[in-house]
Amino acid sequence: MTITPQNLIALLPLLIVGLTVVVVMLSIAWRRNHFLNATLSVIGLNAALVSLWFVGQAGAMDVTPLMRVDGFAMLYTGLVLLASLATCTFAYPWLEGYNDNKDEFYLLVLIAALGGILLANANHLASLFLGIELISLPLFGLVGYAFRQKRSLEASIKYTILSAAASSFLLFGMALVYAQSGDLSFVALGKNLGDGMLNEPLLLAGFGLMIVGLGFKLSLVPFHLWTPDVYQGAPAPVSTFLATASKIAIFGVVMRLFLYAPVGDSEAIRVVLAIIAFASIIFGNLMALSQTNIKRLLGYSSISHLGYLLVALIALQTGEMSMEAVGVYLAGYLFSSLGAFGVVSLMSSPYRGPDADSLFSYRGLFWHRPILAAVMTVMMLSLAGIPMTLGFIGKFYVLAVGVQAHLWWLVGAVVVGSAIGLYYYLRVAVSLYLHAPEQPGRDAPSNWQYSAGGIVVLISALLVLVLGIWPQPLISIVRLAMPLM
């Protein structure tokens, strides 16, 4: 197949991030300079973001049989790049206090971002698997980056072993699907899988095994066991990437698979997904209730958020509104998570051993860092789905989609889960305004709002509030991505 200039323009974000990986690698080999390599990484990610405008001008196209570049791919590529950019920004002050090699951190984040972009463009089960591996493998190193801490090393080993097991399930499931359908392309799967074929035992087994593999990557119940330990053990900037970029990219490709290949038409698969969604919403929220570690709390809450998104995925067959719901919800989840994990990163920077992740560390934060406490409050309210925040718009969309598709018991689960979530999110918010302890522990630098990480956190808070009050610009962007499907 001949690659035309149009194809190259369509692949610009992927090519720019790939080039940045090579440049940073050569820079590290030539001379270790933390500031230089961080700057090169941020410039590369910003250039990839800007290049999305040129990709939009080129229009939708199938670049190779493995990749389709369209509005949908651009939306999810943009979200992954924003999450990667924020991760690098939060990592810089954290790494300033880190005594071992700093520069490889950015290299691993860039490679993981490359995997996320590949997933956003994937149109074939082969590129889906390649993208998932490309985003997972660097995370093994990132999770255990603070390897002198027992907890970080333990989290890395857990994630590596369980991720390898999940990948084997995913690969075996794909093999069974290929054996039955004779093709791995999403579009060809849609053509080959007629109504009768979807109930073939081999095909059901194949998709079942794929759900196990993808369920692990998205930390859905009952494949969630790694989530709280890994979120707690990983450095705060890495937890940011885990909670945002990896989840968004993988959920995006699952959406495309369900859109082209009518997997959701099978009643058996719909029932399994509904049970997983119900269990994830209820279990994730109930387990978060008793947490005293903010990273574990956010880990369990991410399980419930993916459960809410699964409701929209199950309703995908009922119309375009569910695609819109997922886009808006993921944007809200991205900015809220960036803000929440950003505050934890600022409190934990520079590296001085374990992160400031105990809830006690945030008690009375308002009295010495009022703006930071206000930012954290906004993020908690958004994650809880309180009106006037972007989180509310996303949750309202999910409820509307659930009602439209008559998924009544899942709508009930969303309502109950949101009520439980309200308690533990407000518990975090209230603790920020209590009397500060006499001997405060970790604290953010006094000039945090002038640092790059502080600016990212403030912008996230502003977007959560502004788009919560006036969501039309975001909804318009998400709708632009839909007709090109």
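Here the Cβ of each residue, glycine as well, is placed from N, Cα and C on the backbone.
Listed features, source Swiss-Prot:
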- 8-28: transmembrane segment (TRANSMEM)
- 35-55: transmembrane segment (TRANSMEM)
- 71-91: transmembrane segment (TRANSMEM)
- 105-125: transmembrane segment (TRANSMEM)
- 127-147: transmembrane segment (TRANSMEM)
- 159-179: transmembrane segment (TRANSMEM)
- 235-255: transmembrane segment (TRANSMEM)
- 297-317: transmembrane segment (TRANSMEM)
- 326-346: transmembrane segment (TRANSMEM)
- 373-393: transmembrane segment (TRANSMEM)
- 408-430: transmembrane segment (TRANSMEM)
- 455-475: transmembrane segment (TRANSMEM)
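Spatially, the transmembrane segment (373-393) is adjacent to the transmembrane segment (455-475); three or more Cβ-Cβ distances between them are under 8 Å for residues at least 6 apart in sequence.
Most Cβ pairs under 8 A with the transmembrane segment (455-475) among the ranges 71-91, 127-147, 159-179, 235-255 are made by 71-91. Of the recorded ranges 35-55, 71-91, 159-179, 235-255, 408-430, the transmembrane segment (127-147) has the largest number of C-beta contacts under 8 angstroms with 235-255. At the 8 Å Cβ cutoff, the transmembrane segment (35-55) and the transmembrane segment (105-125) share at least 3 close pairs (sequence separation 6 or more) and count as touching. Pairs of Cβ atoms less than 8 Å apart link the transmembrane segment (297-317) most often to 408-430, out of 8-28, 71-91, 105-125, 159-179, 408-430.
Long-range contacts of the transmembrane segment (408-430) within the same chain: residues 274, 277-278, 281-282, 284-286, 288-289, 291, 294, 297, 301, 304, 307-308, 311, 314, 359, 362, 376-377, 380-381, 383-386, 395, 398-399, 402, each at least 6 residues beyond the stretch ends and with a Cβ under 8 Å from a Cβ of the stretch. The stretch in closest packing with the transmembrane segment (71-91), judged by the count of Cβ pairs under 8 Å and taken from 8-28, 105-125, 159-179, is 105-125. Sequence-distant neighbours of the transmembrane segment (105-125) (same chain, 6+ residues past either end, Cβ-Cβ under 8 Å): 13-14, 17-18, 20-21, 24-25, 28, 37-38, 40-41, 44-45, 48, 62-63, 65-69, 72-77, 80-81, 83-84, 87-88, 91, 95, 131-139, 141-142, 145, 174, 177-178, 184-187, 189, 241, 245-246, 248-250, 252-253, 256, 260. Sequence-distant contacts of the transmembrane segment (235-255) (same chain, six or more residues past either end, CB-CB distance under 8 Å): 72, 75-76, 79-80, 83-84, 86-88, 90-91, 94, 109, 112-113, 115-117, 119-120, 122, 128, 131-132, 135-136, 139, 142-143, 145-146, 152, 214, 217-219, 295, 298-299, 302, 306, 309, 313, 316, 323, 326, 330, 333-334, 337-338, 341-342, 344-345, 348, 351, 355, 357.
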